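Below is one structure, written out as structure tokens; comments come after it.
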Amino acid sequence: DFLCISLVNGFTQLRYNLGDKTVILQTLQKVHANGNTWHSINAGRVGNEGYLDLDGINVTQKASPGMNALDTHTDFFVGGVSSLNLVNPTAIENEPTAFTGCIREIFINNRELKLTVTDPKGGANIGDCDGTDCGYTVCKNNGTCQVQNPGFSCSCPREWTGTTCEQSIHCSQNMCGSHALCIPQPSSFSYTCVCALGWTGKYCNNKINFYIAKFVGNSYIKYTDPFYGKRDLQYSRLSLNFTTNQTEGLIAWMGKSENEGNDFLAIGLANGTLKVVINLGERISVPLMHSKYFTCSVGRWHFITVVQNQTCIKVYLDEELILFEDIDPQRKYTALNYGGICYFGGFEIGRKVNTVTTGLFQKEFIGKIKDVVLFQDSKKIQLMKAEGYNVYDGNSGN
């Protein structure tokens with residue numbers, strides 16, 4: 001399997017093969033090969049339906065019967081490859097040659113690849129395209145870069161300040177403590193402090209301890225499983241108690257959530273019913289929906305357990321078996337390679353649930369979570385020991 005973008009006789013081509021046939025899309029217009037015109041390419045596939053967009057002019061390839069998952073387990077190459085004989089003969093039209101020119105701003109599944117000296121895994125014969133200390137997007141938030149001797153300086157738009165226009169003017173005089181992030185509120189010409197896990201108060205200066213975590217909608221906890229290396233990933237288990245009065249929300253996401261290829265097990269609410277989604281490596285998420293309308297009553301705790309036995313999934317709600325399904329009788333993928341990462345309530349600040357989950361869940365969780373247990377561990381997870389923001393003490397009240 002492969003996916004390849006290349007230049008052919010002045011045209012841009014997208015070629016991909018999901019295991020059965022090579023699909024070829026070519027732009028309608030040629031690129032300007034004058035060395036000073038930037039072009040924007042947007043290319044990809046949904047299942048086996050492809051699209052290729054050059055500077056806003058789109059070409060598509062309609063879906064046809066056949067394979068619809070891209071199984072690639074190699075490095076991602078930009079501009080060339082370490083050895084030209086690695087290139088599949090059907091991935092390009094002519095003999096493979098490396099790219100000559102400049103490339104900036106690469107996004108794979110909404111995640112930016114940082115084209116720096118240190119971030120890539122490797123490379124060779126790469127130079128600075130701009131040739132100055134300004135480079136591309138050195139000045140954030142539409143700031144303008146001027147070359148200085150030495151270095152550079154940024155001229156910032158009205159709402160931004162700092163050496164690279166990275167700081168909102170609303171946060172320039174903030175009083176948030178060291179355990180907080182300053183979030184600008186331009187509409188009110190002010191800011192709010194978002195507290196790290198274990199801290200509270202207007203400026204996040206008050207230390208707290210809790211065993212019930214309260215989520216308010218822009219909260220998250222990211223827990224790293226210290227025993228991941230010893231787990232039998234063909235027999236996973238996640239259980240927790242939760243309470244909410246909402247009809248939408250991501251309760252838990254067991255997986256790295258970095259790209260569409262990551263395995264995951266997810267629990268949440270959708271349209272007022274309980275929804276569990278599993279991906280064991282097929283790149284196809286299998287949603288399991290509880291058939292009954294889920295009554296979300298304030299103060300009522302619910303106990304949920306999801307058990308994965310290879311491809312057989314069991315879901316218990318309040319100790320009643322509500323879902324039991326074999327998501328792949330062929331047993332092609334049987335292990336939940338979740339990377340030792342579990343999210344609760346949402347994802348990192350700035351990462352929206354509906355974007356990260358590609359629409360499987362619509363919103364961050366509002367409610368409380370307690371008594372989280374992984375696998376058959378004798379001890380509950382200490383949520384306080386994890387990473388997170390905007391999580392409150394849920395011990396008091398309901």
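Positions of Cβ are set from backbone N, Cα and C atoms, glycine also.
Whatever TrEMBL says is automated annotation, not expert-curated.
The feature disulfide bond is assigned by TrEMBL to C102-C129, C156-C165, C176-C193, C195-C204. Marked as domain 'Laminin G' by TrEMBL: 1-129, 210-398. What TrEMBL lists as domain 'EGF-like' is 130-166, 167-205.
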Rounded Cα separation (Å) that holds between C195 (disulfide bond) and C176 (disulfide bond): 9
Sequence-remote partners of the domain 'EGF-like' (167-205) [C-beta within less than 8 Å, at least six residues beyond its ends]: 158-161, 218, 221, 349, 383-384, 386-393
Neighbourhood of C156 (disulfide bond) by C-beta distance under 8 A, where only residues 6 or more apart in the same chain count: C139, N141, G143, G162, C165
C176 (disulfide bond) versus disulfide-bonded residues C102, C129, C204 - nearest by Cα: C204
Tertiary contacts of the domain 'EGF-like' (130-166) (same chain, 6+ residues out, Cβ under 8 Å): 104-105, 172, 186
The one of C129, C165, C176, C195, C204 whose CB sees the fewest other CB atoms within 10 Å, among these disulfide-bonded residues: C129
Protein Cβ atoms within 10 Å of C102 (disulfide bond), excluding its own: 15
Composition by DSSP (helix, strand, coil) of residues within the domain 'EGF-like' (167-205): 6 helix, 17 strand, 16 coil
Tally of DSSP helical, extended and coil residues in the domain 'EGF-like' (130-166): 0 helix, 10 strand, 27 coil
Secondary structure content of the domain 'Laminin G' (1-129), with strand meaning DSSP E or B: 6 helix, 42 strand, 81 coil
Which same-chain residues, if any, lie at least 6 apart from C193 (disulfide bond) yet have Cβ under 8 Å of it: N174, M175, C176, G177, A180, L181, C182, I183, K202, Y203, C204
